[in-house]
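For reference, Swiss-Prot has these:
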BINDING   38, 39, 40, 41, 42, 43, 44, 45  ATP binding site
DOMAIN    6-236  domain 'ABC transporter'
């Protein structure tokens, strides 16, 4: 069995009487891209600071390469941090910002030159080496911060929401570049974000935080398609949620009632008759049909379209059901497909196929 690079063992962290992290345990593997995901104030950045050594745990232990590092200062740990603010030296050039750590170690000028340009090539900034960092764009400044962090090839790179200040297009480009850089270096990245799309697109595994504890650890596919609880389901992407009661159990299915319509669902949790559950359907799994398209309406819910949002590649629909509940549906847009020419207040039928839903224990 492979020994994890980082082991977080039953970590607690409080500031005064305010608990921040509550019994957090986590292993981080060699060469993986791990994302700590959660809303603001959930403890993810605090955990990053504990790993880096900028904070000390109230209780628990942190191991790097099998060694407990609780008493080691940041400079003795083989980890580097890229901060949200980048923390560059504004009076220095790109080259000198990246070379700073090497000069502190009194590395020879020739070695500094070689290693700095190697790092700048990795982030595609070698042609801007002599430019002052104040003359760079936000994305370029971020690349300088990353080059400076990887100059000594640490085992772990910690990234604290480094993309949050970038515009959408640049943020998307940097997501791809960061993931490619991580693969090229075969370095462990621990990335902090509150952005679900970032986490899903970049990570090998995602750690979902909430109120100082871990809700779920898994691959992007696992946390999206099989959320551990209602918080994860609602935080990772959009979700339509129905509260249902199991009426009957038949073979591998359960039968329930939604909006007065009898529906069958896959019994994924060995649920029993009369048990209350949350039924979750993602917007992209909802199918919307005009009245003229439907002959048999078994297993479908009636509704009317109350909003249409065109997003280029998709059309998002808000459909009001007979109870007044509004659900979201998302369909890929095809300008040549007349079926997607919906009109506001149009009466429609909605459905999803058995097995496309997620069932979770009722949380009240």
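A Cβ is built for glycine as well, from the same backbone N, Cα and C atoms used for every other residue.
Here the structure is a predicted model, which means the values were calculated and not measured.
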If you count the other Cβ atoms within 10 Å of each Cβ, which of the binding-site residues 38, 39, 41, 43 comes out on top? 38
Around the Cβ of residue 40 (ATP binding site), how many other Cβ atoms lie within 10 Å? Please give the count over every shown protein chain. 8
DSSP secondary structure for residue 39 (ATP binding site), reduced to helix/strand/coil, please. coil
What is the set of residues, excluding 38, 39, 40, 41, 42, 43, 44, 45, whose C-beta falls within 8 angstroms of the centroid of the C-beta atoms at the ATP site? 194, 209
Looking at Cβ-Cβ distances, which residues of the chain lie under 8 angstroms from residue 45 (ATP binding site) while being 6 or more apart from it? 160, 161, 192
Residue 44 (ATP binding site): secondary structure state under DSSP, collapsed to three categories: helix
Please work out the number of neighbouring Cβ atoms within 10 Å of the Cβ of residue 42 (ATP binding site), leaving out its own Cβ. 23
Counting every protein chain present, what is the number of Cβ atoms, excluding its own, within 10 Å of the Cβ of residue 44 (ATP binding site)? 27
If I take every residue in the domain 'ABC transporter' (6-236) and average their pLDDT values, what number comes out? 93
